[in-house]
Structures are given as structure tokens and as C-alpha cells.
């Protein structure tokens, strides 16, 4: 009857737990299926609140002329009768949009006129057909016009449909697969049936031989089976698994909100362990939630699916905890600063001994470098003409500011006179507000024109240079003294042979894609100063500007540009335009303006326009024959000529300019990303950059981020078919320089046999001397108060870096150069080409600055010697048939959204855990977000026209359009944040890895413990003992196991958590894995099982002997009381349950089971000691740092002691029949010592096994690091 009541009690409790399990499982399934739908409803709620409360003004959107960024998709749209730069996600059906020439169509739309065709997403809007008419003289072109269209769909709905359809198809996390392996395949599929079978067989044998006496068959077969299998039923585990996961997600959510940005002191190396402040901070209380209330509220919201966070379809804590590859699919504004900054300034100067830079020596000589002199053949006397020296000043970007730069060379002010015109041009042309709309329209026109040629790309390199002008000494008030009158836009197409000649150097690099060249163009602004004088400042590509220039400014006077000078300029431009923005500046004073009607037109030059400049390469026809005696009177006193009103006059205005210099601009990697990549590498997490740019540009920027860029470290995802059609290395407008190398220019140089004959056009037209003319840029009327000179420039901060010094070049006019970095080799049989006089032979820089040298692409071995696959369709066959190098590289180039998605799928198919980080303003990222294991949407930093203006403003009340678009685009993302948010991604990864290590440690201990409990039950039956634990005791043991295991999840972070290689649990069971599990886990519990069963048997034997002594009519067989001598039928123990243990002597049996239960609890506590700190011995780390585990142990000991004490005082058996009610069972000292000794032996055994486990782990870590850092493929040089 007791057993029946106990069975009913257990049944009721189990039923309650099963109901709770069912409710939890039902809740999880509902949230999993409807999670994206719930997120969309929350976004709709936000949208409705914005409709009711928010007021969006024009300044709440990005500027209409904001520079293009592939990470930010914007569309000109009419809103409230005003054109705004609307985020793509906010476009709706019925919107009137304005399509600009050459732009991609944002969605299905149609022109406002009935005859207008329909356009679809991704098509290129081309307002007019290509004009294939051949012409040989300049002509005026009407700009391609913008055109209004009406949206016929809401484009975002396609992305939303994709997110809803694929929401439940996201990859299953590694930990979920491993949990399924342990709990379903192993525990439910193997262990549980095995235990039930063993119990049934043992019970059958015992029943057949009447070993349990006359115990009822239901107790033999049902109760014993339930008591043995109850721990394996995993009744509590699902609840605990869900609860602990929600707790981890709640901590992650709060950490992503409250984590303060970590700043590493300069004295702290990333390689440091315990001294690293970030690792220390993760162990301190400031990383914990501010209060229990905030944690519990977030936890409850996540548990019920009310938190604005993706938790079920993509568990980001699971993903980051087992992360093997962090992929970034957008660069600008995420990996790099959104705006490029100046990195080099290029200009020319003279090396004449009579140069005005020094009264006695040249500037080169004054700085410790001897200039080369021109030597006549057979004559040792130098020519009286001065040679030209190329100066390249390097600038270093301040990592903590988006625009701030400083000159590396401390004596750069010696060139202040040469830099002044460039600084003024930057202020009046590049950063002036007036030309913004003109330049934006001009760029759209160029984009449309470039569509007609597969070899041209419209590179818009007019970006903010205010900081450079500030460094030169200009103040913001300089621009106020000038008035911009008009803008002149000039462009031309290129001939096929010109393109072939200009890309010869790039083709020598063996790039996988066709190299395109920038469409030659220039934009000139005509300004009027306070003296009513007109001046023209020009900016554009160096090839077309150089054609229009006849002189260069040397800081004091004009110097004719020789063919050698042109070679130097083109050499620098062609090298740097492959890897950066490179823009040239020129200047010219004007005596007349341009007609208003003509200024709104563009001038197109014929493809062979260089011949047009020959007649104009002389003194300007409109220049009066004046002789100036000082540089302060070089400009005309007044403008008297009529305005230009025809194409010839338009062309004449841009002729005969003065070359000022060139500026290269680079996108700089953000320092926090560089540090993140370095830290991830230490944690054996691969940072993978999917770049939309070509191999060369991508590799240069990857070096800036600290990624490998060796011979087998990049793969192009563009197929050969697509590559043959031509993809531009300049299609993305960025390319920072690579890391500096030690190669010298001579190591990189190639011999050159001939040069372009076209340079001969300039040979005979620039030797005539000019008077100090009105075109001198140094004579521009800039008041002394607006420009700070040497003694006025105050350094606001120390130099960012100390450089090795300014490198200068001096090239003799007649010396044949063998260091041409272009390395063009003459074609055999090209008669006449390259025939040039020695004085005009091609030249190149004989020395460069380190940064200049190493930004040039020639330092890269672009030939893919590793024979890595090219094209996404060849990746999988290569992995299957050759090697796994494609899974180990950190850079993929020439990427499209489709190829990125396929590559991520391949990585996942081969066991990689991928988290994708991408722009929340890019509509093309949705399919990639859905493919990844988890995704992070980052609102990028937006590019700006000028550093003086913000990208947009945030509304004071309500959500802004940018924030609303981010919410829409990040619906499937587990984490959404802004790039400038005060969040450390590395801290989130650290927290996730640590928590998942603890959670999996909890799971391992839990699984082993329940198997241990069942082993005790099965072992006691097969050893012919009564059950070691009752059903209630088994339930208590399961509860104690759950409490101890759950407490292990709260271990504090260790210093080395992110210095370990990411080890992912295996999802398949094999023999090696089984042996490892047996050694590391089974051997920890087997000693306890043996000790407890032996002590249980000895305890029952001791109690049996005490009964025999008390009754005098019984004896002991094994551990069972048996009758001796004469006895009545009422005292026949063979007719009693378990030979009397189940009824007459139940008090002793009950006490033995409680002692066993107490031993089980204590042994579980001792074993759990080795699980508190898995990777260090107990004397190395303090186990009491896990305060939750320590409190759980105290509570369990108190509860166990109280329960055993109370129950031991009660009497449950039929002691009156044997008159032994006064008998109090005692445990002897030998048994007590054995109890204590068993705990000590188990502790020592576990520490020994743990020590061996740590040694094995160290070996595995070394092997994992070796595997992580090794990716040798075909044709390996090693």
C-alpha cells in the first residue's frame, strides 16, 4: 500500500511537470513560427507612432547631393511637395520618384507620360540613346535630364516576403544539434531503452527465483523500472534549457545596451592576458545588469516572445558562442570611415641652384639630399636649365577623428608656397556649397555616359579636403572673400588604343577581371574675388587636366611642363588611381566669363583631343602684353571681354592652365575594427570580408585592417564569363593603401624601352620662356590674415606619427630612367612609336615615400599561384576534389549578393558557423541575412559632402526616417545597432562564448549525473540488492542534479576565454568520441557508483546484523534477513516484501536508502567541483568564485540534512511483529570513515582525470590553432 501511495504521489508530480513541459514546448514552437511576424507588427506599431507624432523635415534626410555609397541605398522622392533623399525601405506604391541618369531603378515604376516604358528593379535608367556620331572638334552637350516616375509597387514587400517565408528555415545552431544528439539520440534512443531492458531482465530473474520475496509484481516490474528510468526521462531538462537560454539572451540584450565602449590603454598589448582591461571588465560587476529588475523584465519578455529581438529563429548567443567566421559584407561606414581622407599630396618643383626656395642651395640640398644634375653627352658641364623634382608629401589619418590628418614630414612648411593654391582650390571647388548640385548632376551624366563603354567607369573623386586646407593654413573665412560665378564641366571618351595603353600596367598584375579606367572629366569653378577679378580653379582626372595645362607652379614662378614632367604626373596618377582616389588641380586667371546658357551645358571633347591642345599651348591669345614686376600684381585689374558663348570659346577657356598638384585620398580602416580583427584572430575566429571591389583594391584595404593578403589569401567570386565582360576595379570609389613594406623602388621597377609617342605633342611647344604671367597661382589675392604661415600655425596636438622623413626625387632631364613603375615594354614592330629625343625621354620617379611606394599595387603578387578557384560555381568542386583553402581565406572579391549568399551556404555545409554583419541601409542584404546563422544589422556612418555639415539630423520627437528604415531592413537580424553606438562587439562575442561554454558544461554534467543515478539503480538490482534509491529518492537526486548543473551556468568569465581556439562540439557519434566521453566523463562517475553501491550493501548488511542480534531468530544472507530455527508462518520472511526490508524492517531499509541518497548528493557535489572550472585544476582557480554554485551547494546540504534528520526519526515499518520497535539502527565508525574516504578518493580521482583532460585540451588547442593558421594549397611554396 505504501508503494501504491508513493507511486500515485510521483505520478501526480510528474504529471504537473509534464504539463509545464508541454506548455513550454508549445510556447517555444509558437514563438519560433511567428517571431518575424511579431517583429513586423512591432515595426508597424512604431510606424503608426511616427505617423501620429513625428514631423519629418528636409534636414532629417541625407543631403540630396550626398556622395554615393554602396552601403546606403537612397532614392530621390517627392514628399510633401519637396524632393528628399528617401531611404529605399520607405518607398511605397504611388510615390513619385526622380530617377537620375545612370542610376539603378529602385523598383517597378513607370514614367508619368503614357508613352514612357515600365522599368523594373535593378535596371539602369538611361534617358537617351547613345550618340555614336564621330566628331573631331569639341562640342557642347545638353546634360542628361532627371525624370520623374511613379512607383507601381512597394519594393520592401519583396524583402519582407523573403523574411517571412524563410524565417523557419534558418540553420540550426551547433549547440541545438549537440543537445539533440545527447538528449534524443543518446539518452532517449540508447541509454533509456538499455536501462529499461536491464531493469526488466534483472527483475524477471529475481522474480523467477523469488529473490525479492513475495513482492507484488507491479512493484517489481513497474515501480523499479520507474525508479531506475526516472532520472533519464529529462522531465526538468527542457524547462531548464529554455530558461537558461532566455537568461543568456537577456544578459546579451542588456550588455548590448549598457556596455560602455572599451578603450585599451596604449601600454596594454592585445596579447596580454590577465592585465587586459577588457577581459578584466568582463569578470567585474560593471558588465552585469544594473539591477535584478531590468534583468528579470528582459528575461520575462524574451521567455514570452515580447522582446524586440530575434531569439528563436536565430539564437545569436548560440551562434557567437560557437562562431568560426564573422563575415562583413559592407565596407564604407562600417569597416572604414565613410569619407576618404587625403593621404598624399603630389606637386612639382625646380632643382635649380637659383631657385627662390634658397639663396644658395636648392630645397633638396637644404634637406640633406643631393639633386641630380643634367649632363651633356661628352661634356661634364651641367645645363643651365633646372631639372624637375617630384615631391610627394604623406599625410597620416587620425584614427579617432573621421577627417583629421597631419603631414608626416615636420618640415612640410618649406613647401607652403606650392601648397597654397591647392588649399584654396580645395576650399573653393571641392568643398564650396555652390557647385554641389552641378557636380551631382555632372556625375549622373558621366555615369550614364560610362554605360556605353565597358572599359570606362565614372569615378567621382570630389570629396572634402577642408582638413587639408586647414593644415596648409587656410581658415574657413577664406571662402567668404570669393563668389562663385559659374561651373564648367568637361569630359571625353577614350579610344581603344588609349585604354589599352593606360591599362597595360594594371594588366601586368594578372588581375582576374578586366581593368577599367576612369572616364576623363574635369569640373572648373569660376570665382570672383573682392577685387572683381575672375579666376578658374579646376579639379578632375589627371589625364584630361594635364592635357589642358602648359605650366606648373613651382612656388614662385611658372615652369613649362616638359614631356618628362608629364610622364611623372601620369605615372603617379595611373598607379594611384588603381588603389585610391586621385584628383588633379589646376588654375587659370580669366579675362572673361561664360554665358549663362552655356554654363548649364557640358563640353565633350573628341576621344583624340590631345591634338587640339597643340595650337593652344602658347601664350594666351586673350592675355594683354603686360610685364609684371611682383607677384602681387599678376591679375588683371578688371574684366572687360565679352562672355564666351560658343563651343570654341568654351574649349579655349579650359586650355593653357597651370598644373598645381594632385591629391590621393583613401578610405581608412576604423581602429576599433582593426583591433576587433586582431582579437578575433587570437580567438581563432576568422574575419571574412566579402568585398564588392576587385582583387587589387580589396587586398590593399584588407591589409589596412590587418588581414592576410599573401599568395593564397583571396578568392574572386566572379565567374570567368562575367569577368570577360569587364568589372571595374574603380566601381567602388575606395581603395586605401596597403601596409608599408621594405621593398625599394629598384626592386619593383621594370625596364622601359619606349614611351607613348603622343607625349611628343608637347615636346616643341613648351620651351619658349614666359614672362612672370597672370596665371601664377601664388599671385591669387589671399589676404595675409586669412592664411596662417610658418610662424602662425599652432599645432593643436602632437603629430600623429613620426615618419622617416620626406623623400624627394630628382631626375636629370637627359638621364634614361630604368625605374619606371609603369614598366611598359615596347611592342615589337611598332615602327616610329617611342622614337623620341633624349631630352624628352620618358621618366619616372626615382624614389618615393614609403607610403607612396607601398600604396602602389606592384608590391602585390597578384598572380594566383595557389591555383585557387575563381567564380562561385567552382568553389564547391575545388573543396571536394582539391583542398579546403576556400574555407580558410579571409577575403572574397568581386562579390554580388547572390554569390555571397551561395558562399556562406557552402561554408555552412562544411561545418562553419557564420555570423554576418552588414549595412542596415542596404536593401540587397536581406537574402544574406536570412542565409547566415545569425546576422547583425549595422546602421553605417553616412558619407557627407563636407565635414562642416552633418549627414542628417534626428527629429526631436518621434523616430526619424533613417531609424525607421533601419528597423524595416533589420527585421530578421538578431542585433541591430548604429555604427557609432557605444557597444563592443568583442564583448558580446566574449560573453556569448563564455555563457555557451558554461551552458554546455551544465548539459554535460546533467547528462552524466542522470546516467549515474540510473546506473546506481540498475547496479543495485543486478547485484541482488534492493533498489539503492526509492522513486522519491531518484526524484530528489534528479532535482539536486538539476540545481547543481544549472548553477554551473553562472561561472564568472575567465581571462583566457577569448584566447582559446573555438572548439565546436561534434554532431555525430563515433568511436573516438565515445572513448573520449568514457575517459573524461564516465571515469569521473564510475568510482562514485562503485563506492556508493558497496557502501549501500555494507550498510544494509550492518543493519541486517543488528536485526539478527535484536531478534535472535534471524540471520543474514547477503543483505537480506532470513529465518533461522523454528518460526511461525507470521514470521516467515520469505513471504515478506524484500525479505522483510519492505515492511517489517522498513525503518532500517529506509535509513539505508537515505544514507545512500545523502552520499549521492555529496558525491554529486564533489564531482561538480571538477566542472566549476573545466580548464584549470582546483588549486589554480578558486571554485568559490561561482557564488551561485556555492549557494546551491549550501542549500542542498542543508535540505538533505534536514530531510534525512526528520525522516530518520519517524517509524514506518511493522516493527511490533518482531518486537524491535525500540531498535535504533546505528552506523559504525568504520562505515562513517568509509563514507568520508569515498568522497576524498572520488575528489582525487576526478582531479587526476581533469589534469589529464587539461593536457589533452592543450594539445587540441595547439592543433586547432595550427589548423586555423595553416591554409597551404596547390603549388604551395612550402
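Just so you know, glycine gets a Cβ as well, placed from its N, Cα and C.
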- Query: Given the ranges 101-130, 131-160, 221-250, which one is assigned the annotation transmembrane segment in TrEMBL?
  - Reply: 221-250
- Message: According to TrEMBL, transmembrane segment applies to one of these ranges: 1031-1051, 1115-1135. Which one is it?
- Response: 1031-1051
- Of the ranges 168-188, 189-209, 252-272, the one TrEMBL annotates as transmembrane segment is 189-209
- Note on the structure: Other same-chain positions with a Cβ less than 8 Å from the transmembrane segment (1184-1207) and lying at least 6 residues past its termini are 1036, 1040, 1043-1044, 1046-1048, 1050-1052, 1150, 1154-1155, 1157-1158, 1161-1162, 1165, 1168, 1172
- For the transmembrane segment (1151-1172), which stretch among 189-209, 1031-1051, 1072-1096, 1227-1249 has the most Cβ pairs under 8 A? 1031-1051
